[in-house]
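A.B. asks: I have a structure I would like to understand better, so I am pasting it below and will then ask my questions one at a time.
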């Protein structure tokens, strides 16, 4: 039999996640467990001296525990086994002797430190929430004694205060911490698993948006707005493409195909040092294609004259390596005389587009939802939508939206007219004739 090949540091470092958790053996029972999410855990398989049943030892998370350190822990465990001593019992006793080692806060901070892939901003925010809402209540508690009700108490307090989103995130964090405790043999089972359904159902946030009957008024105010050229272009592109704020603010020039009039927004972007959330790509974590209308291409060509020599479409005022403020579009809307809390905000452009596209009766729901990059809850339908993309229909649809806005510059064009006319004509011929009839 060929001797088992041992791991080397390079293999450990470059091990990539797969669809399912898998193991990489090092010998002597030691192996690296690589989760589907990319986390790497050192474990050792052995048989308990008392009953000869197979068990597992947890040695920690890579890279906090290196390959050499994991081997040293394995060797120590083997010495104990030779003496008929269960290394897991010794491991637990050693942890108990370490003052505070079993407190919820100690384990939570260990879990926090193990998440090496997080951005600094995200790491700080996660820890700040735990320090603010969780540690004051259960931080000093022995994690082995915590029950579901203990874990829920501080989270329910946050939920009752109306901070439902914060409470949901805290529930996720506490569940992950307790899962980490199970995986590292601090506890045998996860009481946080039973917290599901205990919090208020979070209602979808609705952003203020203008009805289509007010499009002429809005477009007139936009035409009269005399802010910075880059700001005006940002507002117009936001309206024409109805993408999310971060998707536009962090856009790079290399995402645009000018020959095909397409914008490919990546699932994730390279982070800009010192810029919060600059790593954000698509909310749904997959590439999104935005067909660009003629009007959008004109704006992009204008913008290229201003920032085309930079990486970003919308660099900061004083530092080209930074990006324009997240409040830029809403500030412009306020300067135009709108209340961004009750009348219209930048995110409300998505609602305005969704309403007009749907009311027109010209476009399939699949094409509209795909263009809005909404998640599809039905898995079978989602697979179909993802495969087909509906790109040809979406090209027509995005041009229709831009043309419809243009047509509303001087007077309101009712969507009821479109609904009453479309049944006689197909999309292409109908739209051409309709545009000619209202000139």
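Count begins at 1; order follows the chain as displayed.
Note: Cβ is positioned from N, Cα and C throughout, glycine not excepted.
Sharing the record's features from Swiss-Prot:
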- 102-182: domain 'Core-binding (CB)' (DOMAIN)
- 205-398: domain 'Tyr recombinase' (DOMAIN)
- 244: active site (ACT_SITE)
- 273: active site (ACT_SITE)
- 347: active site (ACT_SITE)
- 350: active site (ACT_SITE)
- 374: active site (ACT_SITE)
- 384: active site, O-(3'-phospho-DNA)-tyrosine intermediate (ACT_SITE)
A.B. asks: Taking the Cα atoms as reference points, how far is residue 347 (active site) from residue 244 (active site) in Å?
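C.D. replies: About 6 Å separate the Cα atoms of these two residues.
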A.B. asks: So which one is it: of the active-site residues 244, 347, 350, 374, which has the fewest other Cβ atoms within 10 Å?
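C.D. replies: Checked 244, 347, 350, 374; of these active-site residues, fewest Cβ neighbours within 10 Å: 374.
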A.B. asks: Could you put numbers on the helix, strand and coil content of the domain 'Core-binding (CB)' (102-182), residue by residue per DSSP?
C.D. replies: 65 helix, 2 strand, 14 coil
